[in-house]
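Peer 1: Below is a structure I'd like to ask you about.
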Amino acid sequence: MEQAPNMAEPRGPVDHGVQIRFITEPVSGAEMGTLRRGGRRPAKDARASTYGVAVRVQGIAGQPFVVLNSGEKGGDSFGVQIKGANDQGASGALSSDLELPENPYSQVKGFPAPSQSSTSDEEPGAYWNGKLLRSHSQASLAGPGPVDPSNRSNSMLELAPKVASPGSTIDTAPLSSVDSLINKFDSQLGGQARGRTGRRTRMLPPEQRKRSKSLDSRLPRDTFEERERQSTNHWTSSTKYDNHVGTSKQPAQSQNLSPLSGFSRSRQTQDWVLQSFEEPRRSAQDPTMLQFKSTPDLLRDQQEAAPPGSVDHMKATIYGILREGSSESETSVRRKVSLVLEKMQPLVMVSSGSTKAVAGQGELTRKVEELQRKLDEEVKKRQKLEPSQVGLERQLEEKTEECSRLQELLERRKGEAQQSNKELQNMKRLLDQGEDLRHGLETQVMELQNKLKHVQGPEPAKEVLLKDLLETRELLEEVLEGKQRVEEQLRLRERELTALKGALKEEVASRDQEVEHVRQQYQRDTEQLRRSMQDATQDHAVLEAERQKMSALVRGLQRELEETSEETGHWQSMFQKNKEDLRATKQELLQLRMEKEEMEEELGEKIEVLQRELEQARASAGDTRQVEVLKKELLRTQEELKELQAERQSQEVAGRHRDRELEKQLAVLRVEADRGRELEEQNLQLQKTLQQLRQDCEEASKAKMVAEAEATVLGQRRAAVETTLRETQEENDEFRRRILGLEQQLKETRGLVDGGEAVEARLRDKLQRLEAEKQQLEEALNASQEEEGSLAAAKRALEARLEEAQRGLARLGQEQQTLNRALEEEGKQREVLRRGKAELEEQKRLLDRTVDRLNKELEKIGEDSKQALQQLQAQLEDYKEKARREVADAQRQAKDWASEAEKTSGGLSRLQDEIQRLRQALQASQAERDTARLDKELLAQRLQGLEQEAENKKRSQDDRARQLKGLEEKVSRLETELDEEKNTVELLTDRVNRGRDQVDQLRTELMQERSARQDLECDKISLERQNKDLKTRLASSEGFQKPSASLSQLESQNQLLQERLQAEEREKTVLQSTNRKLERKVKELSIQIEDERQHVNDQKDQLSLRVKALKRQVDEAEEEIERLDGLRKKAQREVEEQHEVNEQLQARIKSLEKDSWRKASRSAAESALKNEGLSSDEEFDSVYDPSSIASLLTESNLQTSSC
């Protein structure tokens, strides 16, 4: 459409060529009105009865003009001009002029603009409404009726899509003259005039010989002659295309038909040829390739062209048209015909290839756009994940600061422990001093007895007194022997405890060695598993099996959650029982206090009675010397009693100080327990952060191009957080071990204090028992918390193992279930032990030691379970690393797929370039068929490479299957190791049963001790009776006897009794103080138990929430796996589509080769029929009738659709 204004300008002489005009019969106004293209009506008035053929030959200078008709200037004529490679919008390729100008070279308005600008059928605005014109649509060529011109234009545009050409491709060459051609015609015929009689004398100025000065100004001046050569080439090719129109006029004249019918058939032939072949040839070919050889002399140009052969009917028709009205030789006309047909062949080949290339190019551009959009989405996702990195680093810094603070607190605790050790040594020294004093008092008592023996006389009263003294001494000895027996029993129990400690330590060491060996073996196995599982993620069947196993694992986690809830209920019931036990001990302490007060009252009364008796004895004594001696002895004994009382008071003060220290240490233990809870809360926070990290990982897994780097960073951060968690757990364990050491030291100090008196020892033992119970409760709470933490860690690890192999997940689930069962059995055993402890509450001295021993055994069992859980955690961490590596491998594979897609896109672009080169080569000549073959070989090589890659992938899948079999064997071996662990747990249960038997034995011993206590109380009562008897005897003897040596003996007995009373008072005070302390401790323990129960409930709620979160994350992980599987399938489909595109390209190359071979064979066959000279109009019509043209067009369409 851009050329329409240019064609409307005044035109000078055009290029070399021939213009053929048909002079028609008069037709109706309606019919002739439709023949206009530019809106003008032909002038039919002056030449209503003229007809014939007018041939106009244009010379070198544009002067000669030959017309073969009736001699009149006007007349309906149709000019056909066929050009070579021209711009898309050139409408002058086919021209029909309804008026023959008088002399187109003498005036500027020789060719009317409408006629020149509207004759091309390629213009969308062109139309034909004549009754005898056939449609130009290739789909309706076989049809009889006319069709809408819009359909004709659109079909032509669809057959040969227009490609926009730059402005430089417009034919801007000046119209050179053809004087040389006309002069040559004149010289060959001996100066005989051709066409019109007169030579045109008027010469056009040079500026009118150009089409457009504005267009010529685009090119430099030095290309002017080159454009002249091109313009001559256009006119030469134009003439060869359109010369067949003339012969269709002859049968119209002979049969008295409308002259438009023959024209319509010739116009149809011209239209489908030009519409389907000229447009792609202009857009695809380089003008340099289609620059035909042209010279100013048309005859010499025709002689140099070698005809490749064409259809004989067309050749005859064009030959007749060129021959009529011309005086040229027969050889020159035949050369023109062959040249016209030669230019039509490459256009036929170009038409089929252009539509295929455009379709393939559109598909490739769509794929490139889709890949670019995916890349942009991945970049955006990566930018979203970057802010989470800063928060994780900040959390790691906070955790390191907390670890440093905990280390400082540990150092302070060490200093406090050393100070407590020093205080315990001081207390031990004081106890030794008290023992020395006791031995001194016993020696003094012995001396007094010896003195009494010397003073003894034959009187019967003295003998009675001696007997009483002997009896009292025997009783005292029996009491001392009972005390020694009790102390020996205590020493035996302590030795047994030390022996049990050593055995437990040895067993713990052996257990640690076994666990270390198993851990090393497991690390080696897991390393091999990690190496073997790196390439297993592409297997579809394995992914499906893993998904099913993960659903089963979620159900197992739910069962574990129910078991943990049952365990928490069990712990609550235990806490309630312990609380009841503490209440019972409190009642017992109150009862003891009341008994002690009663004993103090009785002793006070006895002391008052003895003092009154002594005063009476002094008043009645006659011998002053004996009285003085007795007074001195009494003073000495009173001073010794005062010293003993002072020592007792100092010991009591030391005991109070020790009790305060114990309370401080208990407070420290509470602080440590609170700190442990804080650490557990921090662990929960860390678990929350880990859950957030997992969510980030799930979001990062959606980014195929970026997920590898993100996964490695998240893995490192997760490992750092897990190391911090492990460090905090280790610190907690170390704190607990140190607390246990301190408590053992406290027990040793209590054992030293037990060497004083039996009552004080019993009370201290009871205190130890209560503290041991508290410790047991704390340890039970810590064990439950650790078990909950281990369960949470196991769940977290199991969540991370969603992407691991199926058998590894099943094995870990079984191991965890077995450990949970072992923990349940241990809990049951603990419950049985606590029931035994409830039965042994009344046992004062031996029960607490047996309970301590059992607690130590339970601690060992808990440590074994902790070690097993730590081993599981290490295994889970290894599996986490393996999962991260698998994710990294999957991301690398995704990148490989993306790179393959980019390579395929690059390969497609290269294939497009090759297709373009192949099209140009096919348009240029058959010689470029070798390059197409080379391209075909390259494509075959690429297909072979892709097939080899597929085979390599299959081999890698087979290798992965073998590796999975090896993994199954390793899993079976680990299961056997788990069975061994079960056996060790059974051994531990047997050991606990043995401890239970020992508890029963200690119970019997406690009953024996109780019976001994009752015997001692009976002895005490008997001694009191004897004392009363002695008092009565002393009163009766004082009435009728003088004071004698027996008085001193009685006074010594009184002193002994006073000492015993004082000892009883001191014991009473100690009991009261210890009872008060025990009451306070019982209250504190009850409060602590309530707090711990609340904490356990909170942990239970947190566990339930965490399990729900784990379920949700498992579902999300399954969805992510399905999404990745879909992406992988999509990538495979794209690769398969690329294979199909390659196969289509190969098929297209083969079809093009077949077409070229077919056309070569056809040209060879037609060259054989070249000399037959078929010139009849009927034969031409039989070859170019609508049915044959439709068959040709449908054949080209079939070729296009097959590509």
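Glycine too: its Cβ is placed from the backbone N, Cα and C atoms.
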Peer 1: Could you tell me which of the ranges 434-453, 854-873, 1034-1053 is annotated in Swiss-Prot as region 'Disordered'?
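Peer 2: The range carrying the region 'Disordered' annotation in Swiss-Prot is 1034-1053.
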Peer 1: May I ask you to name which of Ser155, Ser790, Ser1011, Ser1161 Swiss-Prot has annotated as phosphoserine?
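Peer 2: Among Ser155, Ser790, Ser1011, Ser1161, the residue Swiss-Prot annotates as phosphoserine is Ser155.
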Peer 1: Can you identify, from 89-127, 557-595, 713-751, 1103-1141, the stretch that Swiss-Prot calls region 'Disordered'?
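Peer 2: Checked against Swiss-Prot: region 'Disordered' maps to 89-127.
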Peer 1: Candidates are Ser137, Ser180, Ser354, Ser701; I want to know which one Swiss-Prot annotates as phosphoserine.
Peer 2: Ser137
Peer 1: Validating a neighbour-count step here. Other CB atoms within 10 A of the CB of Ser338 (phosphoserine): how many?
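Peer 2: The Cβ of Ser338 (phosphoserine) has 23 Cβ neighbours within 10 Å.
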